[in-house]
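For reference, the structure is listed below as structure tokens.
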Amino acid sequence: MDQAWHIGVIGGSGLAEGIGLDEAQEIAVRSPFGEPSGPVTTGRIGGVRFSFLARHGAGHRLTPSAVNYRANIDVLKRCGVTDLLALSAIGSLREALAPGHMIAVDQFIDRTEGRARSFFGPGLVAHVSLADPICPRLSGLATAAARAAGATVHAGGCYVAIEGPQFSTRAESLMYRAWGADVIGMTAMPEARLAREAELPYALLGMVTDYDAWRPSEAGVEAAEVFAVMKANAARARTAVRELARLLPPGRSASPIDRALDHAFATAPGARDPQLVARLDAVAGRVLG
Ligand SMILES: CSC[C@H]1O[C@H](OP(=O)(O)O)[C@H](O)[C@@H]1O
Ligand SMILES: Nc1ncnc2[nH]cnc12
């Protein structure tokens, strides 16, 4: 039987003020994985439930490396989110992806270092599939929603996630292009990995803010450029979320991602660490009981 949609939205740079939910309520949700970036704002658009979390916290306090991605995903799962839409500022590695455009990415290259990238570990080993890290259904709906909001939207593309906080050197920027990456950012990994472990279909709508550092005749990206383009496009991103609410089919049919953990566990039931299992009550309660 179909269930009700409950869309989680993680707002990135330029979207810390939220997405404009009706009947909005701010709730502090605790996580066994530590401090999330801030409270969750939960509310409605039309008949659809949404929960919003500002990735870098109120006032953009957290660096991409300091964001507790595990706690963020955990609290959204605890709120009952069924699907997760990430909104991010991204640099472009392709001429055709111009500042002001949006892109619904569908692949990742992960160059981040030292971030907690799994809910699982010693005492409960799990391996989920990440071949197709993006949910095609949610991504398709987000693409249509962004187009309905008036944006030029590119469907599909590869996002390389760097550790930051510095932007890339010209040599790195050229190397990522040669690797086949189309856009660059600092936050989608490990966010997308963790969403899959938490059985949350994940899509990422990126707002192109700059051409990074690969164009020979141009200076490399500066933060001011990113903030200015984001400021100019934040309203459109919010409209895209409202359009998404309008475009969602009335009921949510099951997704294979809802069962990503079905065959993922390597550790035998009797060998599992009860403390870790307890921490996983929200993320993996469906399979761990
Ligand atoms: C402000 S420029 C770099 C910053 O912007 C992006 O953040 P987010 O993905 O949360 O929108 C990028 O990944 C960096 O964290
Ligand atoms: N060029 C860039 N590199 C990394 N993250 C970004 N976010 C926005 N533009 C970026």
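FYI, residue positions are counted from 1 along the chain as it appears here.
Positions of Cβ are set from backbone N, Cα and C atoms, glycine also.
The feature domain 'Nucleoside phosphorylase' is assigned by TrEMBL to 7-244.
In sequence order, GLY12, ARG55, PRO64, VAL67, ALA86, SER88, ALA161 constitute the residues six or more apart from THR187 (phosphate binding site) in its chain with CB-CB distances below 8 Å. As annotated by TrEMBL, phosphate binding site applies to SER13, ARG55, HIS56, SER88, ALA89, THR187.
Summarising the environment of SER168 (site 'Important for substrate specificity'), the number of other Cβ atoms within 10 Å of its Cβ, over all protein chains shown, is 22. According to TrEMBL, the site 'Important for substrate specificity' annotation covers SER168 (among others).
Positions annotated as substrate binding site by TrEMBL: MET186, ASP210, TYR211, ASP212. In sequence order, GLY91, SER92, PRO99, GLU218, VAL221 constitute the residues six or more apart from TYR211 (substrate binding site) in its chain with CB-CB distances below 8 Å. For the recorded site, TYR211 (substrate binding site), the DSSP three-state label reads coil.
Per TrEMBL, site 'Important for substrate specificity' is recorded for ALA223 (among others). In the three-state DSSP assignment, the secondary structure recorded for ALA223 (site 'Important for substrate specificity') is helix. Neighbour density for ALA223 (site 'Important for substrate specificity'): within 10 A of its CB lie 12 other CB atoms from the protein chains shown.
Checking the recorded positions ALA89, SER168, ASP210, TYR211 against ligand 1 with a 6 Å cutoff on the Cβ atom leaves ALA89, in sequence order.
All protein chains shown were included, and the count of other CB atoms within 10 Å of the CB of ASP210 (substrate binding site) stands at 21.
In this structure, MET186, ASP210 are the recorded positions from HIS56, SER88, MET186, ASP210, TYR211, ALA223 whose C-beta falls under 6 Å of some atom of ligand 2.
One way to see the shell of the phosphate site is to take the Cβ centroid of SER13, ARG55, HIS56, SER88, ALA89, THR187; the remaining same-chain residues with a Cβ within 8 Å of it are GLY11, GLY12, GLY14, LEU15, PRO64, LEU87, GLY185, MET186.
Straight-line distance linking the Cα atoms of ASP210 (substrate binding site) and SER168 (site 'Important for substrate specificity'), rounded to a whole number, equals 12 Å. Closest to SER168 (site 'Important for substrate specificity') in space, going by CA atoms and restricting to the binding-site residues HIS56, ALA89, MET186, is MET186.
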